[in-house]
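Asks: One structure, as structure tokens, below. Some questions next.
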Amino acid sequence: MALDGCGQLCKCILILFNILFALVGFAMFGLGLWLRLSSQTRGFFNVDLNTQAFVIGVSVLIVLGAVILLVAVFGDYGACNENRTALGVFSCLLAILAGVEIVAGVLAYVRSDKVGEQLAEFYMTVYAQYVNKQDPSLTVTLSMFHNVLHCCGVVGALDLLVRKTCPDTSFLETLRLPACPTVILNLFESKAPLVMGLFLGTAAMLIFALVCSTLLSKEIQRSQSSPPPYILLSSSTVLSHPNPNQDPVFTPLPVIPVADAL
């Protein structure tokens, strides 16, 4: 059955949302697996000395990326096929993710110093291994850090060991690039409310998608429970003369469904 305007709008929003969601999940899951299975970083998972932050970071990438991919699959399947069961699973998983985002945002604000230290330690581990081995997976990870945080290495612009992974800027701007560990610590110390806002903003988008999923599910239920339309073949009545000596009798024509008429 056809959906009304609200149902169609929610369906389009969910399809677009889950396509973007799947791309994000695939990127996180792929990068996590790449770091986990790389010949240069595989040994980190066999020891727990000075690499705990790296192991935790890679594990979070893999698990969170897999969960996001799963959520996107259920969401797109439910929206495209108007399947209420898939939308129900999608809504439950989305609610869990939104709750995790809210908790993570609060923890990032309350324990900003600890989170900053862990992330800085993760960066230092990646940096040290890149300098020694220059594995492609570490190159991608360092480039993401440098371009997102607009920093370069552990000593700033003078760090020639990782210069090719730093932001591509002019010469004067390159000289002003700060060291990444300092940027990470300052980010969580001085801009903890901003970090929490990013987490809460992401949770708000997930809740918006959850509302759209709920509305679409209700529209699907309403459209499936509505009766089929009926039509009349011609006039609602027909004039018949069963007996010339009697008055004319008006007999109603039968009403049949559209499908039977076609």
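Backbone N, Cα and C atoms are what each Cβ position is placed from, and that goes for glycine too.
Feature table excerpt (TrEMBL):
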DISULFID  CYS152-CYS166  disulfide bond
TRANSMEM  12-34  transmembrane segment
TRANSMEM  54-74  transmembrane segment
TRANSMEM  86-110  transmembrane segment
TRANSMEM  194-216  transmembrane segment
Asks: Cβ pairs under 8 Å only, please: of the recorded stretches 12-34, 54-74, 194-216, which one is richest in them relative to the transmembrane segment (86-110)?
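Replies: Answer is 194-216, with the largest number of Cβ pairs below 8 Å.
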Asks: Sort out for me which one of CYS152, CYS166 has the most neighbouring CB atoms within 10 A, since those are the disulfide-bonded residues we care about.
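Replies: Answer by Cβ density within 10 Å: CYS152.
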